[in-house]
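Below is one structure, written out as C-alpha cells; comments come after it.
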Amino acid sequence: MPTPVLIVPGFIGAVFVLVGSTILYRAITSVSRARSWTPIQGEVVSLAQERRTSSSSHDDHHHTDVRYVMIAHYTYRDPRTGQQVDDRTEVPDRFVGGPGSPIGLVYDPKDPTRSQLAEVSAGASAFVGVVGLFFAAVGVVIVVAVIAAVTGHGPMADFFGTDDGGGGDFPGRFDRSP
C-alpha cells in the first residue's frame, strides 16, 4: 500500500514526464515540418501586438505576468488550387517586415491550410528539445524511485520506510538471498 507521502512525488514525477515529453514532441515536430513541408513565399497582411497573460497564486498572493508578442497575419496561395490561404503566427522580435513584405513559409502539401514560418531555428528547437528531455528524464527518475519505494525494493524503500526486506541495507548493499 503506497504511503501518502509517496503520492505527491509520484504525481510530480508523472507531470514532469508528461510536460517534458510534450515539449520534446513539439520541438521535434516543428523541425520535422520545416524540413519536410513545401517551402512557399507568403505576404504579410498586417502586424499586431498581442497581449498574453499568465496568472499564478500562492497563499494569499496573486501574480499576473503580462508579455507582448508580435503576430503576423499573412496570406499565400495554394499552388495546386490557386486558393488563397490566410493564417497568423507569432514572429520573432527581429522580424523587420511590415504589411506587404514577403514572409518565408512552409506548408503541408496534404493540407495546404496548415503552415508555419520556414525559419525554424534548429538551434533553438534543439535547446527546447533538450529542456523537454531533461524534464522527462527527471520525471522518470522520480517515478521509478516512487515505484521502488512502494514495492519495497531499493534504497528509496529504506528512505521512505517501506522496505519489506527485499531492498537490502542502504547504501549500496542489496540482499540477493532467496
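Heads up, the Cβ atoms here are built off N, Cα and C, so glycines get one too.
Copied from TrEMBL, the annotated features are:
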DOMAIN    41-118  domain 'DUF3592'
TRANSMEM  6-25  transmembrane segment
TRANSMEM  124-150  transmembrane segment
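Across the range of the domain 'DUF3592' (41-118), the DSSP-based residue counts are 0 helix, 57 strand, 21 coil. Counting same-chain residues at least six beyond the ends of the transmembrane segment (6-25), those with a Cβ under 8 angstroms from any Cβ of the stretch are 128-129, 131-143, 145-146, 149-150, 160, 162. The average per-residue pLDDT of the prediction over the domain 'DUF3592' (41-118) is 85, rounded to a whole number.
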